[in-house]
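Peer 1: I'd like to ask some things about the structure below.
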Amino acid sequence: MEPIEQQLTELRTTLRHHEYLYHVMDAPEIPDAEYDRLMRELRELEAQRPDLITPDSPTQRVGAAPLTAFNQIRHEVPMLSLDNVFDEESFLAFNKRVQDRLKSTENVIWCCELKLDGLAVSILYENGVLVSAATRGDGTTGEDITSNVRTIRAIPLKLHGDNIPARLEVRGEVFLPQAGFEKINEDARRTGGKVFANPRNAAAGSLRQLDPRITAKRPLTFFCYGVGILEGGELPDTHLGRLLQFKAWGLPVSDRVTLCDSPQAVLDFYRNVEKDRPTLGFDIDGVVIKVNSLVLQEQLGFVARAPRWAVAFKFPAQEQMTFVRDVEFQVGRTGAITPVARLEPVQVAGVLVSNATLHNADEIERLGLRIGDKVVIRRAGDVIPQVVNVVLSERPEETRPIVFPTHCPVCGSDVERVEGEAVTRCTGGLICGAQRKESLKHFVSRRAMDVDGMGDKIIDQLVEREYVHTPADLFRLTAGKLTGLDRMGPKSAQNVVNALEKAKATTFARFLYALGIREVGEATAAGLAAYFGTLEALQTATIDELQKVPDVGIVVATHVFNFFAEESNRDVIGQLLAEGVHWPAPVVINVQEIDSPFAGKTVVLTGSLSQMSRDDAKARLAALGAKVAGSVSKKTDLVIAGEAAGSKLAKAQELGITVIDEAEMIRLLGA
């Protein structure tokens with residue numbers, strides 16, 4: 001056997017293995033970018049030796065065989081995949097090939113849309129009624145998922161409108177929005193169920209359940225993008241026209257579809273979508289570019305496994321493979337011990353990544369991770385990089401287990417894990433230097449006591465030199481003592497002292513937030529302050545009384561109660577008040593006297609606002625008698641959803657809570 005023949009055999013075997021894991025087992029071991037690289041390598045070798053191309057090569061077909069656990073449906077029209085381009089030069093070369101094949105000097109009109117990261121499906125309608133649905137499978141035969149697809153509310157069971165064909169096979173992508181993905185994983189962590197690595201895996205796992213009742217509980221959705229069978233009817237002769245016709249019949253279509261009359265316009269579309277990608281609310285991994293004219297599509301035809309008239313222009317990979325060199329353990333403000341993987345640096349989505357959070361001991365166990373393992377790293381938007389999975393088939397022999405500490409890595413105190421919690425915590429409290437540093441950084445932060453100029457490096461030095469042990473010690477600092485710190489001159493030192501003096505005048509809500517009580521964020525602190533009015537009333541509240549506050553359940557109430565029951569915490573509060581920390585007396589709002597649709601309502605804000613800041617919105621809502629909470633519960637009356645709203649919106653919809661957008665909020669604020 002020639003060396004190139006051996007290389008081809010090995011590449012095909014590797015690709016088939018990963019196709020099986022991806023299409024059949026829904027457990028991909030490598031990122032898409034690595035699969036694409038292997039496929040390009042195989043194509044290049046086969047181009048050198050066309051005589052060695054075999055009919056069963058991965059370049060000659062679409063995917064892997066379907067599971068036998070489902071009935072099979074044979075696609076009357078094969079479901080082909082698309083070829084990929086990864087940079088502007090490759091796209092321009094594709095554009096030139098199309099123009100050359102058409103023998104045209106005029107620009108082609110391109111229809112550009114999003115490349116959704118979900119599961120490709122075909123849905124067959126007969127006389128407008130949904131009769132069957134199937135996965136892509138190997139492109140020729142897919143799995144019968146009719147019962148599961150019927151549970152997806154975005155997909156109509158019956159088309160409406162005129163001129164519906166006798167048989168119409170719609171093709172599109174089933175996917176899971178980010179909010180739904182977060183909700184599924186949140187529920188799984190709480191109940192000990194399966195946690196999905198990404199929305200695509202969650203969508204695939206949800207759609208391919210043998211029990212459709214499970215699928216029905218998952219917030220899947222669907223966009224259509226093409227047609228297979230068409231009998232007893234007609235469709236427009238442009239791709240965009242067909243999408244608009246689908247929409248008229250009640251089928252969901254993405255609103256990010258654009259006609260481009262030049263290669264430059266296509267590149268502009270690509271860049272704009274890439275910029276907007278973090279705010280879409282669902283995962284995409286590129287854009288799809290198709291010749292708009294169906295007549296020209298027919299002229300161009302197909303290659304073995306893909307059309308010549310379309311291409312997927314993929315974004316830089318959000319997943320890459322690297323090695324775990326070590327695992328270190330960080331201690332946070334509340335004593336939570338978080339394992340952090342130290343990685344062989346790798347570029348992911350344009351950023352050099354050398355660390356990734358491992359969350360907790362359960363996550364390490366779920367991954368089956370060992371030091372030295374080859375892993376897949378994912379970075380999406382502003383999310384902290386995380387380890388998606390271990391590439392077990394490439395595990396080195398010299399890996400070693402990760403041993404979770406039994407004592408705090410900073411102060412040596414015992415660690416504990418409360419039953420029912422995933423987090424392991426240091427029991428050292430403020431004697432732990434790490435907890436002390438993080439607690440003080442939180443205390444002086446902008447949304448807490450807002451001490452201007454008191455940065456992290458100053459706090460680190462104050463703790464390391466034993467100048468500060470509690471928040472009250474900050475207000476005892478002098479310019480002389482601060483001048484002794486690194487890079488701190490007399491003027492800077494005096495500015496910090498002045499900022500500390502100014503910070504003494506605060507609000508009750510900010511003060512509560514600054515104390516760093518577990519599970520008490522800004523909104524909960526504001527709710528506690530508004531409900532109890534005074535520190536004395538809050539300190540003496542029972543757990544039952546605390547639960548009467550919007551956004552406060554048994555867990556938060558217990559944390560608040562335990563915090564004030566601790567003598568050392570009451571002592572620090574006393575010292576802070578003695579140093580002059582103060583806030584205005586509470587203003588009692590009689591909501592019955594306020595003429596506003598928000599009066600007396602518990603309101604939750606989610607997503608980003610464009611017309612005003614979140615703080616301004618909270619202040620205006622509170623002034624109109626609303627109780628602004630930080631999370632959605634059965635006590636919530638109204639959710640205001642801005643752009644890229646997340647899991648709070650999903651929970652509100654699940655509970656049947658009224659949801660309005662920012663425009664409606666602004667209208668009601670002026671009512």
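Numbering starts at 1 and runs along the chain as displayed.
For all residues, glycine too, the Cβ spot is worked out from N, Cα and C.
Taken from Swiss-Prot, the feature NAD(+) binding site covers D32, A33, E34, Y35, D36, S81, L82, E113, R136, E173, K290, K314, and the record attributes it to sequence analysis. Here Swiss-Prot flags K115 as active site, N6-AMP-lysine intermediate. The Zn(2+) binding site annotation in Swiss-Prot covers C408, C411, C426, C432, and the record cites sequence analysis as its basis. If you look up Swiss-Prot, you'll see 593-671 marked as domain 'BRCT', on the strength of sequence analysis.
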Peer 1: Using other CB atoms within 10 angstroms as the count, which residue among the binding-site residues E34, D36 scores least?
Peer 2: D36
Peer 1: Using DSSP reduced to three states, classify D32 (NAD(+) binding site) as helix, strand or coil.
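Peer 2: Looking at the DSSP assignment, D32 (NAD(+) binding site) belongs to a helix.
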Peer 1: Per-residue pLDDT averaged over the domain 'BRCT' (593-671) comes to what?
Peer 2: 83
Peer 1: Could you check which of the recorded positions (D32, K115, R136, K290) sits closest to C426 (Zn(2+) binding site), going Cα to Cα?
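Peer 2: So, of the listed recorded positions, the one sitting closest to C426 (Zn(2+) binding site) is D32.
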Peer 1: Measure from the CA atom of C408 (Zn(2+) binding site) to the CA atom of D36 (NAD(+) binding site) and give the result in Å, rounded to a whole number.
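Peer 2: Cα-Cα, rounded: 44 Å.
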Peer 1: Rank the binding-site residues C411, C426 by the number of other Cβ atoms within 10 Å of each Cβ, and give the residue at the low end.
Peer 2: C411
Peer 1: What residue among the binding-site residues L82, C408, C432 has the most other CB atoms lying within 10 A of its CB?
Peer 2: C408
Peer 1: Can you count the other CB atoms that lie within 10 A of the CB of K115 (active site, N6-AMP-lysine intermediate)?
Peer 2: 20
Peer 1: For the Zn(2+) site given as C408, C411, C426, C432, which other residues of the same chain have their Cβ within 8 Å of the site's Cβ centre?
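Peer 2: Near the Zn(2+) site, the remaining chain residues are V331, G335, H407, P409, V410, G412, S413, V415, T427, G428, I431, G433, A434, Q435.
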Peer 1: With DSSP as the yardstick, break the domain 'BRCT' (593-671) down into helix, strand and coil residue counts.
Peer 2: 28 helix, 18 strand, 33 coil
